[in-house]
């Protein structure tokens, strides 16, 4: 199959690169590990905030946060045939969807996309909000191809879920995980009362009910509750949830870092290595203090790319040697004997 051949060739190229870095011992432990400087990336890798990634027969497609007025549009779309050299190919939207401006006239960007393939359809979820407020919504765009040269690739499907001033959660930073029974779950959240989850209709990509049950799955338990950007991936018997804590978006002063917990159920409870709940627990995976180069700070908002038994963590960090610019970063995940991820 063409797709499988292309995907395997991309993976092979990546593993050749990764093997160079894996020659350096990294002392994986239950409490975290020293990180390398990451896999080499080049081309159009700045600015990249909140990356989402998927593979097709052409290679890798990366989608990221963008603001009104940025070229070439909203939700930047990059591609790579080897996961290292990246090209900016366009944007999902030329302008803000009308429904988004009607819902929140103050919104000035589209943030934090996530992408999955469901049957023959690509589903790209995205966030609209105003910084520091929870008048927010998650939208959905769909496509039948990821050919950036095709016309009118993306069709906006409107709102999926929202939050308003009176809610105790913030409906941004969506991530979709499909469980072993084929049920679709959307985690989301930023500050307020933490990370939430709702079930989606697998056929439509939208909630099963007009007022779906909202699950609480992670919180730091105290103001300002700086936790956001969930990403859940299934490995073996566990669902692993990566979340980012502290503060992004301050360039070289960003204090963002990423931890992981796991659960046997997508709705939790998620626990760290010592069975601590995902409050101020969780295993550190990405942190400025774990980067021996000292160059990149505030690593966070990761996506996990799984190809067979290989896992990559794809995220942004702020480059202190480039004015604190948000930059694409990719690292290989290794796993300890007890099943915890370590970024190499």
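Just so you know, glycine gets a Cβ as well, placed from its N, Cα and C.
Between the candidates 50, 56, 280, 289, TrEMBL assigns the substrate site shared with 132, 170, 171, 172, 173, 190, 191, 192 to 50. Taking the Cα of residue 170 (substrate binding site) as the reference point, the closest of the recorded positions 50, 228, 301 is 228.
Among the recorded positions listed here, namely 172, 190, 192, 228, 301, 301 has its C-alpha nearest to that of residue 50 (active site, proton acceptor). Between the CA atoms of residue 192 (substrate binding site) and residue 228 (active site, proton donor) there is a gap of 10 Å. Neighbours of residue 172 (substrate binding site), defined as other CB atoms within 10 A of its CB across all chains, total 23. Rounded to a whole value, the Cα-Cα separation of residue 190 (substrate binding site) and residue 228 (active site, proton donor) is 4 Å.
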